[in-house]
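Quick look at what TrEMBL annotates:
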- 58-81: transmembrane segment (TRANSMEM)
- 59-526: domain 'Amino acid permease/ SLC12A' (DOMAIN)
- 88-113: transmembrane segment (TRANSMEM)
- 139-161: transmembrane segment (TRANSMEM)
- 168-189: transmembrane segment (TRANSMEM)
- 195-215: transmembrane segment (TRANSMEM)
- 293-313: transmembrane segment (TRANSMEM)
- 319-339: transmembrane segment (TRANSMEM)
- 395-415: transmembrane segment (TRANSMEM)
- 421-445: transmembrane segment (TRANSMEM)
- 466-489: transmembrane segment (TRANSMEM)
- 501-520: transmembrane segment (TRANSMEM)
Amino acid sequence: MAEERKEMHGITPETNVVPAHDDIENLKNPMVGGIDDEELAHTYEGEFGTKRDLKPRVVSMIAIAGTIGTGLFLGSGAALAKGGPVGFWLGYVFVGLAVGCMMMCLGEMSVFAPNVGGMTDFGNKYVDPAMGFMMGVNYILQVGLAIPAEMSAIAVMIGFWDDNTAHVPIYIAVFLVVCVAINVVGVRYFGEVEFVFAIIKLATLIGLILFGLIADLGGIPPKHEYIGGRYWKNEPFNDTFMDLTPVSKARFLGFWAVLTKAAFSYGGIEGISVLAGEAHNPRKTMKMAVKTVFYRIVGIYMLSTLVIGLNISQKSPDLLSAVALGGGTAASSPFVVICKQTGVKVLPSIINAVVMTSALSASNENTYATSRTLMALARQGAMPKIFLRTSNAGIPLYGVLVSFCFGLLAFLSVSNSANQGFVWLSNLSALSSLVAWISICICYIRFKKALKVQGIDRHNLTFRSWFQPYLAWFCVIFFSIILIFNGFASFIGGFSVSDFFASYVTLPVIALCFIGWKVVKKTKFVKSEDVDLSMGPQSALRGTKYDQGVIRYENYNQYHSEKE
């Protein structure tokens, strides 16, 4: 039987069965391509000393609730005021469905080749090394600059109870140290902490959704006011947005403003791919995690925005005053507005505490993502090799140190003179999400083309997304339009230089990264037939040029038996 298997895979008695030293080292590397799902499921060692200690339940919970944070709890009220209840809900639905399609693209690539650094590696392999560099720098800006933004948000939220501004630097320092500590003790502990945070956020949000539904039906004492679909019927869109005429123009641009807000609220959802390199049984785990994205979008974002729009009028004085606060504390949350309308006084403090845990959770995830993306860039030769070094616990400490340095920027928000620059840095982080989503879909289009050209049947993949590449192309076009026109408000009522800069600062940065790396390194576009697909599962690679499973393992065993 063994002889038949050898002949089937091209091994004859004359075949040289002693592998080169490099091949033997590769066989020790659990991330080498051509490994079946079952074998990879029993591997606990990742690349470059990392540990596959993130359990499936942890990855799935992070996928569902990991990026639920200030965007939904606090920022959604501003979107309602801009678009009206129907425009508000539709905006989140449209962007949510597009994000879900993007995640299907990312999921198929992540399940095919789970690796440390996630999407950065896809750009490098499937499109152009310059694309990989640009995606890596863009993502570091996105997650790295989000760390000080979240740290500052935590300090402001503590101001809900402690209004002494002299204490703000102390709070920033304490939470920054806590965030770094969670990231250096080991990825297993990082995962468990995030699991707890995710449960807290998810439980709170489910409770708030139920509270909102009951309030809409008039079930909350003492007022017992029935609202039903009153606001959806009487004022579905914002007819007075920016005092524009005619009404149709105001309605459309109000709705468009919601799209931009919604896109920023979903920001960070793509970070699930970075976990693939340290997830246990990564192909099965990532397949399950990506599928939960739709549950998160439908069950959380869409239902939450529906409840908010049913309960609050876009003209509500409580809402408008909350939006004027700028999203600083729980007082600016639309859920707190519902509490005020119903006469419930206990929830604001609870919401503030939960939003604080959400901000700390986001900081933890951003610290993790920054360090792993630096590792991926170092593997590509785009960053110093020092970022590949890991501790005994499998942590890239130098990458975490860079994350800590990003966090120090939070102290800029303490100074009024430096605050405008800090706001611009935060906008740079937010806009990077759209760039990341567009890049992911471009990588997927190239990935799918390479599969076809190299004769790999997608039906044999562990996870396969639907209606491709049409959904990927739709996402590229849809997100590009949002990115290009997100700063339309800076042209209305007089040109605003600061608003224009905040809306488009990301574009020249990423363009410079791509063009600069391509010129300096003289990189070339990767042809479909030259794309490296060797990291895929052996079951999908059989019959292709990457089908070396039997040869590699039988050669390896024979080599060691001869040594003995």
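Cβ atoms are placed via backbone N, Cα and C, with glycine included.
Please treat TrEMBL annotations as automatic predictions, because they have not gone through curation.
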Next item on the list: Could you tell me whether the transmembrane segment (466-489) and the transmembrane segment (58-81) have 3+ CB pairs under 8 A, leaving out pairs under 6 positions apart?
Entry: no
Next item on the list: Might you confirm whether the transmembrane segment (293-313) is in contact with the transmembrane segment (195-215), defined here as three or more C-beta pairs under 8 A between residues 6 or more apart in sequence?
Entry: yes
Next item on the list: Tally Cβ pairs under 8 Å between the transmembrane segment (88-113) and each listed stretch (168-189, 293-313, 395-415, 466-489), then give the stretch with the top tally.
Entry: 293-313
Notebook entry, point to check: Among 139-161, 293-313, 395-415, 466-489, 501-520, which stretch has the highest count of C-beta pairs below 8 Å with the transmembrane segment (168-189)?
Noted result: 395-415
Checklist line | Touch test for the transmembrane segment (139-161) and the transmembrane segment (466-489), at least 3 Cβ pairs under 8 Å | finding: no
